[in-house]
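J.: Have a look at this one.
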Amino acid sequence: MHALPTPGPSSFPPRKRAALRGQLQQQKLIILKHPEHTSSGDCMQSAQKLQSLEHHEERIWCVQWNHTGSILASCGEDKSLCLWVLEGTSWKLSNSANDNHTKTIRALAWSPCDRYLATASFDASVVIMRVAKSESEIELQSIAILEGHANEVKCVAWAISGHLLATCGRDKSVWVWEFDDEEDCQCVSVLQPHSADVKSVFWHPIKEILGSTSYDNTINLYKEELDDWVVACKLVGHESTVWKAQFSPSGQHLASASEDKTLRIWTEMPDSKPFHWVCCMTISDAHSQPVYDLAWLVPLRLICFFWFCT
């Protein structure tokens, strides 16, 4: 792990963190418990395996906890979405949906309020479902199907307000959708600034700033101007596909992971006009293989990333 130069005070609202983590392993979902720790050195302690969850019939592509850590969602190649809840001391399947998509479900995302779940599929669609708890199970109801992408949708992400979603795909496009209080969802912008597949979309944790990463080695940041979304800043520096990027919890930094085996940290130039971000750190000696994902740890201002090994 690498510590960043000390930023200003974080304005990111505190959020309860689950002590458990889901891990993908073919058709199995492995639940691990990490030891409690107060310093970065304690992170090296071994995790304890709690349970293997088995229901998916093919490879699992994505898992994500809701924001309270009470529900774990998983999706995959078998076209199904599964919701898991803790009953007593064991995690059990509460509900599943396998009739919303006709191809692999590539990604999922919880809304900030945890009342909605969006799934993105290789069938070129995104489905939004209402999630509600009953006495016996977690209920799922499909309320919207978002169509427009020409082919595979690779990622879906909610803005912090819960009223905007972003999707991206193999068709090189980024779509912005507005989700209102009546649960109606409409496309408000289609962006095509990338010259190759768009791998991921992500939002600023405080402001309505959207980002995307691409096979064209770049990261784009977007803002709304005059009722349309435009590229406000293009981040150039990676030498191969940028698989993932994520703002720090304070929104003051941005981390990106790439096929070029590096992790880059970007920062916004204070009071810069126009909107401008620069690379302030490149980590090039941590991995010998492509870096596919990353995650920020809030209290210690640390970032963790992983790669693929054969």
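Even glycines carry a Cβ here, placed using N, Cα and C.
TrEMBL does not curate its annotations; it predicts them automatically.
Just lifted these from TrEMBL, have a look:
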REPEAT    53-84  repeat 'WD'
REPEAT    98-139  repeat 'WD'
REPEAT    146-183  repeat 'WD'
REPEAT    191-223  repeat 'WD'
REPEAT    235-266  repeat 'WD'
J.: Across the repeat 'WD' (146-183), what does the pLDDT come to on average, as a whole number?
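T.: Reported value for the repeat 'WD' (146-183) is a mean pLDDT of 98.
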J.: Of the listed stretches 53-84, 98-139, 235-266, which one has the most C-beta pairs under 8 A with the repeat 'WD' (191-223)?
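T.: Out of the listed stretches, 235-266 contacts the repeat 'WD' (191-223) most.
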J.: Please count the residues of the repeat 'WD' (53-84) that DSSP assigns to helix (H, G, I), strand (E, B) and coil.
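T.: Final tally across the stretch: 0 helix, 18 strand, 14 coil.
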